[in-house]
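Data first, discussion second: the structure below is written as structure tokens.
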Amino acid sequence: MTESIISSRTASISSKEGYEIRQGSTDSSSLDLEKKENAVDTTIAKPFDSDEDIADVEKAGGKKINNSLIDETFAFMQDAKKLDPLTPKQESKLKWKLYIYLLLMLGFLDMMLFIGKATLSYSTILGLFDDVHITSNQYNNLNTLFYVGYIVGQFPGHYIMQTFPLGKFVGLVTFSWSVIVFLHCCAYNYGGLIALRFFLGFTESCLLPAMEATMGMFFTHQEQAFLQPVFWISCLSCGIPAGFIAYGLEFVTKSIAPWKLFMIITGGITFFLSIFLFFYYPDNPSKARFLTDEEKLYTIDRVRKSTRGGIENKIFKKHQFIEALKDPITWLFTFAAFTLMLSNNLAYQQNLIFTSLNVSDLNSTLVGVALAGYNTVSAIIATFAMYLIPNQSAYHAMFWMLPSITGGIAFVALPWSNRIGELATMIIASDFGITYIIALGWTTATSTGYTKKLTRGLMFMVGYAIANIISPQLWQSRDAPRYYPAWIVQIVVAWFVTPIIYLVARVILARRNKQRKELKDKKIAEGSLETIEKTYVDTVDEFGNPVKVLIDNSMLDLTDMENLNFVYPL
């Protein structure tokens, strides 16, 4: 099927030649890819006839950029000869391989990540309060301190994540997090827990952005949208294994406290996971050990054709950082993350509310399992809905606010004596998590340029963390057991205002798409479409001589503002 997968460089740069990206091969004996609409374009360059050709490109609107903007996968693609187009059967096989390997690995990591966050919550029904002598308000402070560490860790974490191999970064961070979970067993007072929760938040802070970055490297925009709920089933369902572990530990009569055993079990699983991740977590598709060289090429080609942008770049770019901060979409997503996550502490208060409703510690774990099951079903429904109705992320996110608003109002309105009704409405109110899942994927999918993408993700997580610093303080013991102030903030700010922000973002992105379509139609009419699809790069050959290379924008680390061929997913 293929002539060759990896070969010597097909477009070796000479001292006298510039190079032009074009669909087609570098020698006359190869089959012209222009005749095959779906062929994989792995040929990188073809010599210009003269420097005048390059000047013409510049006059036509081509951009001269530094060689550092070239994508990390460029060299791998440049070392490959063309491949025949994938048959439907081959593409299906490749997609399922990506789904199974990546979603299982990322899903398990995500599940352990959220179990790690919730260890303190489960410990409250396993004897933590009595052993460490803390109050409910101090418990809320510990949840706040976790997110203080979370926000502090965002800035150094994102920088390290961009400049170092992603797989090694994820493995080492996971190892550090497992050690901190183990150390919880040594805490004997409030002060010890303060330090541990802060550093746990610090170490976990960049794992979620790293996983989202990986999703963006391996899956197309459409796949990312409907796979987000599938990926997040691992988080939403984490209460099932964690709940059953906690349930079993309720029967432990050994001298070691049940909550310490819970820490040992979760920390131990995370420790072994970190070893696996260090060796097998992929930096990008070209470094994925579970893919053949041929599959790596097809994966890169599928993604860059979908996103019309690069895969990864290890150089921090100040102009992309500034552009991200100036882009109103960045601030809309950041503000939406803040407003929505003002309701996130509901997950950490549920066990305490169960106790207030006279549900035993033993039965509280089972109610938590039921809650996780409900959230899992909601995620499955959301997945099918986004698959059947693609490119409507804003409307999907808005829809899943309706159950939360309904459940929240019902919880406040029902009499406290209606225990079953209160439990049911609180479970229904938890559907806001689906909106968060959709928004997180949409946030990164609407930007290109690796530094800009990471900056936007950082800003989103800052909004997320600030809200989570505030939200535990809404649940003051003086407001127990109904906590009316907390519920009012959740219903009005988190679940009503947030969808409006998403709608505004959609309007802005739709307007940008319309302007780009008009520009593209104009360029087609003028016969100059290449000026918005390709960019020429000044670089040097192996002898140090300056050369000029015209490269498809999808192989460059351009932002969505620089790459006018990029179409925003809505």
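Every residue, even glycine, has its Cβ placed from backbone N, Cα and C.
The feature region 'Disordered' is assigned by Swiss-Prot to 1-34.
The compositional bias 'Low complexity' feature in Swiss-Prot is assigned to 1-15.
Per Swiss-Prot, the feature phosphoserine maps to Ser14.
Annotated transmembrane segment per Swiss-Prot: 96-116 (among others), in sequence order, evidence recorded as sequence analysis.
The transmembrane segment annotation in Swiss-Prot covers 141-161 (among others) and is backed by sequence analysis.
Long-range neighbours of the transmembrane segment (163-183) within the same chain, counting only residues 6 or more positions beyond its ends whose Cβ lies under 8 Å from a Cβ of the stretch, are 109, 113, 116, 119, 157, 196, 199-200, 203-204, 206-207, 210, 213-214, 263-264, 266-268, 270-271, 273-275, 277-284, 287, 312, 314-316. According to Swiss-Prot, the feature transmembrane segment maps to 163-183 (among others), an assignment based on sequence analysis.
With a cut-off of 8 Å between Cβ atoms, the residues of this chain six or more beyond the transmembrane segment (198-218) that come close are 98, 102, 106, 109-110, 113, 116-117, 145-154, 157-158, 160-161, 166, 169-170, 173-174, 176-177, 180-181, 224, 227-228, 231, 281-282, 284-285, 288, 299, 303, 307, 311-312, 440-441, 444-445, 453-454, 457-458, 461, 465. Per Swiss-Prot, the feature transmembrane segment maps to 198-218 (among others); the stated evidence is sequence analysis.
Per Swiss-Prot, transmembrane segment is recorded for 229-249 (among others), and the stated evidence type is sequence analysis. Residues 103, 106-108, 110-115, 118, 122, 125-126, 211, 215, 258-259, 261-262, 265-266, 362, 365-366, 368-369, 371-373, 375-376, 378-380, 382-383, 386, 433-434, 437-438 of the same chain lie 6+ residues outside the transmembrane segment (229-249) yet bring a C-beta within less than 8 angstroms of a C-beta in it.
The transmembrane segment annotation in Swiss-Prot covers 261-281 (among others).
Under the heading transmembrane segment, Swiss-Prot lists 328-348 (among others), citing sequence analysis as support.
Long-range Cβ contacts of the transmembrane segment (369-389) within its own chain (Cβ-Cβ under 8 Å, at least 6 residues beyond either end) map to 225-230, 232-233, 236-240, 243-244, 247, 350, 396, 400, 403, 427-428, 430-431, 433-434, 437-438. Residues annotated as transmembrane segment in Swiss-Prot, with sequence analysis given as evidence: 369-389 (among others).
Beyond the transmembrane segment (397-417), the same-chain residues lying 6 or more positions past its ends with a Cβ under 8 Å from any Cβ of the stretch are 343, 357, 378, 382, 425-432, 434-435, 438-439, 442, 481-482, 484, 487-488, 490-491, 494-496, 498-499, 502-503. The transmembrane segment annotation in Swiss-Prot covers 397-417 (among others) and rests on sequence analysis.
Marked as transmembrane segment by Swiss-Prot on the basis of sequence analysis: 423-443 (among others).
What Swiss-Prot lists as transmembrane segment is 457-477 (among others), and the listing cites sequence analysis. Sequence-distant contacts of the transmembrane segment (457-477) (same chain, six or more residues past either end, CB-CB distance under 8 Å): 135-137, 140-141, 143-144, 146-148, 150-151, 154-155, 158, 205, 208-209, 212-213, 324-325, 330-331, 333-345, 348-349, 440, 443-444, 483, 485-486, 489.
Packing against the transmembrane segment (485-505) from elsewhere in the chain are residues 329, 332-333, 335-336, 339-343, 345-346, 349, 394, 397-398, 401, 404-405, 408-409, 411-412, 429, 432, 435, 439, 471, 474-476, 479: each is 6 or more residues past its ends and has a CB under 8 Å from a CB in it. The transmembrane segment annotation in Swiss-Prot covers 485-505 (among others).
Highest Cβ contact count with the transmembrane segment (328-348) among the listed stretches 96-116, 261-281, 423-443 falls to 423-443 (criterion: pairs under 8 Å). Among residues of the same chain six or more beyond the transmembrane segment (96-116), those with a C-beta under 8 A of the stretch's C-beta atoms are 170, 174, 177, 181, 200, 204, 207-208, 211, 214-215, 218-219, 227, 230-235, 237-238, 241-242, 266, 269-270, 273, 277, 280-281, 290-291, 295, 299.
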